[in-house]
């Protein structure tokens, strides 16, 4: 993203970087190829996956639980997030040509939707904890929880806007050999950066560790058809979050405390690679939080059938069989599926 672009430009970086000119040119060439390619992959996969989740959630799936409310807001945030990537892709290959207003706007949109996504993931984690550990209470208060869920989602968007204000205020277009959209980190206090990292990484991580630990303990003491599948999904969710988000946030933490690392070309490689890996969450969220659901996959095949693609895919018979199996499964495992599916 443009947050780091001006630190990787020739004129700015060479003013304090003691690495050789050749190394720096190699880095710039790598960055010019690597970031646009990664942005394009995330954009295409994120656009398709999150659009599917939104369409199915709105037109094929009734909002029957608090998780359903979150699963409408999560793909919306990720979808808007990935839609900013083509602008950063073009700017990475060429330069920023979209003006100062668009620079501030896209920095704001990018950041708002990033933190909205992470906070919603936190809420989904807590909701899963309540549904599994406090199943009876959660079921009895379903209507009340739905109302609170909508209020919580609204608050999340507002909080994300407030946390993103520094990027919007300090975002600007700089002329450093070429036009760059970004901001000077010196103008953003350590307190603000710490707040952003807390909401964007440490809070979701803490929620996952605490809630999933209790959920795992509960599942291990319970029997049932889906116990092992639910445990696998939990470990997968945790592993994906840690592998994609930890490296980039660790780099951001180092960046905020040890500025001398900017003198190392290798540190800049680390920044752009870990950043690209962190963005993969926008592609993986639809799989981890939607397509693992049997009901969601069933609605997906309904969508495919409605748009007339089913005969061309040659899966009409399989879809019919899957639908019958879904009905059988729902009839025999209704209570269990209600609580476990959301894992």
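Residue numbering: from 1, along the chain as shown.
Keep in mind that glycine also has a Cβ here, set from the backbone N, Cα and C atoms.
If you look up Swiss-Prot, you'll see 103-181 marked as disulfide bond, on the strength of sequence analysis. According to DSSP, residue 103 (disulfide bond) is assigned to a helical segment.
Per Swiss-Prot, N-linked glycosylation site is recorded for 17, and the stated evidence type is sequence analysis.
Taken from Swiss-Prot, the feature topological domain 'Extracellular' covers 1-33 (among others), and the record attributes it to sequence analysis.
Sequence-distant neighbours of the topological domain 'Cytoplasmic' (61-69) (same chain, 6+ residues past either end, Cβ-Cβ under 8 Å): 124, 127-128, 131, 142, 145-146, 148-150, 153, 295-296, 299, 342. Positions annotated as topological domain 'Cytoplasmic' by Swiss-Prot: 61-69 (among others).
Marked as topological domain 'Extracellular' by Swiss-Prot: 91-104 (among others). Long-range contacts of the topological domain 'Extracellular' (91-104) within its own chain (CB-CB distance under 8 A, at least 6 residues past either end) are made by residues 2, 5, 31-32, 35-36, 39, 168, 171-173, 178-181.
Here the topological domain 'Cytoplasmic' (127-144) has, by DSSP, the following mix of helix, strand and coil residues: 16 helix, 0 strand, 2 coil. Look at Swiss-Prot and you will find 127-144 (among others) tagged as topological domain 'Cytoplasmic'.
Per Swiss-Prot, topological domain 'Extracellular' is recorded for 166-188 (among others).
For 217-232 (among others), the entry in Swiss-Prot reads topological domain 'Cytoplasmic', with the evidence type sequence analysis.
Per Swiss-Prot, topological domain 'Extracellular' is recorded for 261-276 (among others).
Taken from Swiss-Prot, the feature topological domain 'Cytoplasmic' applies to 295-343 (among others).
Long-range contacts of the transmembrane segment (34-60) within the same chain: residues 68, 71-72, 74-76, 78-79, 81-83, 85-86, 88-89, 92-93, 272-273, 276, 279-280, 282-283, 285-287, 290, 296, 299-300, 302-303, each at least 6 residues beyond the stretch ends and with a Cβ under 8 Å from a Cβ of the stretch. The annotation transmembrane segment is assigned in Swiss-Prot to 34-60 (among others) on the grounds of sequence analysis.
Annotated transmembrane segment per Swiss-Prot: 70-90 (among others), in sequence order, evidence recorded as sequence analysis.
The transmembrane segment feature in Swiss-Prot is assigned to 105-126 (among others); the stated evidence is sequence analysis.
Among the features that Swiss-Prot reports, transmembrane segment is placed at 145-165 (among others), with the record citing sequence analysis. Within its own chain, the transmembrane segment (145-165) has Cβ neighbours under 8 Å at 63, 65-66, 69-70, 73, 107-108, 111-116, 119-120, 123, 127, 138, 195-196, 199, counting only residues six or more beyond its boundaries.
The transmembrane segment annotation in Swiss-Prot covers 189-216 (among others). Packing against the transmembrane segment (189-216) from elsewhere in the chain are residues 114-115, 118-119, 121-122, 125-126, 128-129, 132-133, 159-160, 163, 166, 231, 234, 237-238, 241-242, 245-246, 249, 252-253, 256, 343: each is 6 or more residues past its ends and has a CB under 8 Å from a CB in it.
Here the transmembrane segment (233-260) has long-range neighbours at 121, 185, 190, 193-194, 197, 200-201, 204-205, 208, 212, 215-216, 267, 270-271, 274-275, 277-278, 280-281, 284, 288, 292, 343, meaning same-chain residues at least 6 beyond its ends whose C-beta is under 8 angstroms from one of its own. Summarising the annotation, Swiss-Prot assigns transmembrane segment to 233-260 (among others).
With the fewest other C-beta atoms within 10 Å around its C-beta, 103 stands out among the disulfide-bonded residues 103, 181. Counting residues of the topological domain 'Cytoplasmic' (61-69) by DSSP class, helix then strand then coil, yields 4 helix, 0 strand, 5 coil.
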